[in-house]
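**Student:** My questions will all concern the structure given below.
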Amino acid sequence: MIIKPRVRGFICVTTHPAGCAASVREQIAYVARRGPIERGPKKVLVIGASTGYGLAARIAAAFGAGAATLGVFFERAPADAKPGTAGWYNSAAFHDEAAARGLQATSVNGDAFSDEIKHKTIDAIRRDLGQVDLVVYSAAAPRRTHPKTGVTHQSTLKPIGHAVRLRGIDTDNEAIKETLLQPATPDEIADTVAVMGGEDWRMWIDALDAAGVLADGAKTTAFTYLGEQVTHDIYWNGSIGEAKKDLDRTVLALRGKLAARGGDARVSVLKAVVTQASSAIPMMPLYLSLLFKVMKARGTHEGCIEQVDGLLRDSLYGAQPHVDAEGRLRADRLELDPAVQARVLELWDQVTDDNLYTLTDFAGYKAEFLRLFGFGIDGVDYDAPVEPNVRIPNLIE
């Protein structure tokens with residue numbers, strides 16, 4: 001079938017298998033050009049492994065360090081001529097490329113928040129890897145059913161204590177708009193922490209440790225975004241910020257647990273990139289469009305693979321890791337360059353409907369958004385029929 005992009009709001013409801021595969025190959029090629037990751041991990045579990053930063057971590061570990069990988073994700077398979085999700089096709093392509101290079105790859109498809117998927121993952125580690133020496137936590141979901149209580153918690157993107165008016169882009173109409181966000185209630189804050197805080201990461205590490213599948217010296221990291229002044233009202237100072245603070249508290253306990261066996265636990269702070277999640281946040285398309293414009297002009301623009309490959313080489317396995325005062329690994333230094341942030345702030349209120357394409361890189365933002373779903377990738381013929389029914393080998397469901 002011939003597959004074209006169909007966008008509804010902040011979701012593209014179609015995905016292109018060949019485009020997703022080409023995107024994965026591009027990321028692999030980037031890692032390969034940088035050469036081997038010295039003293040890198042050899043057996044890696046990635047929780048949230050099918051898109052964005054989690055996929056980039058799996059690619060960097062496998063094709064940079066030669067690691068065997070086990071990826072956990074929750075994706076929809078193609079069925080009845082309906083394409084699967086982008087994460088499904090990304091993972092299928094990863095398996096194909098890993099197999100071609102003799103790299104062990106196993107994947108588990110299901111709800112990473114559940115006890116069932118944790119148990120299936122542990123069984124797969126025992127069977128295929130024995131133990132893991134790196135656990136990357138990159139799960140991103142709007143809701144979580146708690147495995148012990150059965151309660152489903154829904155995360156909320158709201159300020160705390162007062163309403164906040166945010167500038168942004170109505171991406172459907174390509175117009176500047178303002179959104180008034182009301183403050184979160186105590187229950188909404190608690191629910192957001194339950195979904196996006198550190199509890200599930202801790203549950204994973206506790207389960208892996210109790211099962212004896214964490215190697216001595218094992219490391220774990222959870223990915224997060226903090227941002228700077230322009231995004232603080234809804235990130236660090238909002239409901240999501242409370243979840244991020246919970247992550248910072250959780251990592252201290254995990255670090256103590258792993259340090260006893262020569263290991264480590266860190267929160268890794270990454271730069272803002274286009275994801276399905278970020279595109280749904282009222283101010284982020286405008287912020288990203290301005291950030292792209294400024295960073296591309298300076299030659300410092302990076303995407304997921306550049307960020308995570310650098311994180312592994314420079315900090316997780318580097319001799320001189322970039323660590324902040326709270327003990328987090330920082331890969332967002334170029335975004336937070338004072339000159340970059342000052343220029344973004346300077347332009348923020350100047351953007352109008354008329355100059356959207358000149359003052360910002362909204363065109364680049366839209367292109368990155370479509371790339372998430374396999375569209376706009378160099379070398380792919382989008383007028384040619386493509387087979388949507390792609391399977392993932394070694395898949396556990």
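Any Cβ shown, glycine's included, is placed from N, Cα and C.
The NAD(+) binding site annotation in Swiss-Prot covers 48-53, 74-75, 111-112, 139-140, Lys244, 273-275 and rests on sequence analysis. What Swiss-Prot lists as site 'Plays an important role in discriminating NADH against NADPH' is Glu75. Residues or ranges marked as substrate binding site by Swiss-Prot on the basis of sequence analysis: Tyr225. Per Swiss-Prot, active site, proton donor is recorded for Tyr235, and the stated evidence type is sequence analysis.
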**Student:** Taking the Cβ of each of the recorded positions and counting other Cβ atoms inside 10 Å, which one has the highest number: Glu75, Asp111?
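**Tutor:** Highest number of other Cβ atoms within 10 Å: Glu75.
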**Student:** Where's the emptiest Cβ shell within 10 Å among the recorded positions Phe74, Tyr235?
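**Tutor:** Output over recorded positions Phe74, Tyr235: least Cβ neighbours within 10 Å is Phe74.
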**Student:** Can you tell me the CA-to-CA distance separating Lys244 (NAD(+) binding site) and Tyr225 (substrate binding site), as a whole number of Å?
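**Tutor:** Spelling it out, the Cα of Lys244 (NAD(+) binding site) and the Cα of Tyr225 (substrate binding site) are 9 Å apart.
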**Student:** Name the one residue among Glu75, Tyr225, Tyr235 whose Cα is closest in three-dimensional space to that of Asp111 (NAD(+) binding site); these are the recorded positions.
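**Tutor:** In terms of Cα distance, Asp111 (NAD(+) binding site) lies closest to Glu75.
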**Student:** Should any of the recorded positions Gly48, Gly52, Phe74, Glu75, Tyr235, Val274 have a Cα within 10 Å of the Cα of Tyr225 (substrate binding site), which are they?
**Tutor:** Tyr235
**Student:** Measuring Cα to Cα, how far is Phe74 (NAD(+) binding site) from Tyr235 (active site, proton donor) in Å?
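**Tutor:** That separation, Cα to Cα, works out to 25 Å.
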**Student:** Helix, strand or coil by DSSP: which one applies to Lys244 (NAD(+) binding site)?
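**Tutor:** DSSP call for Lys244 (NAD(+) binding site): helix.
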**Student:** Going by DSSP, give the three-state secondary structure for Gly52 (NAD(+) binding site).
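**Tutor:** It is helical.
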**Student:** What number of additional C-beta atoms lies within 10 angstroms of the C-beta atom of Gly52 (NAD(+) binding site)?
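**Tutor:** Cβ-Cβ neighbours of Gly52 (NAD(+) binding site) within 10 Å number 26.
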**Student:** From the recorded positions Gly48, Gly52, Ala139, Tyr235, Val274, pick the residue whose C-alpha lies nearest to the C-alpha of Glu75 (site 'Plays an important role in discriminating NADH against NADPH').
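**Tutor:** With Cα distances computed to Glu75 (site 'Plays an important role in discriminating NADH against NADPH'), the winner among Gly48, Gly52, Ala139, Tyr235, Val274 is Gly48.
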**Student:** Validating a neighbour-count step here. Other CB atoms within 10 A of the CB of Lys244 (NAD(+) binding site): how many?
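**Tutor:** Lys244 (NAD(+) binding site): 21 neighbouring Cβ atoms within 10 Å.
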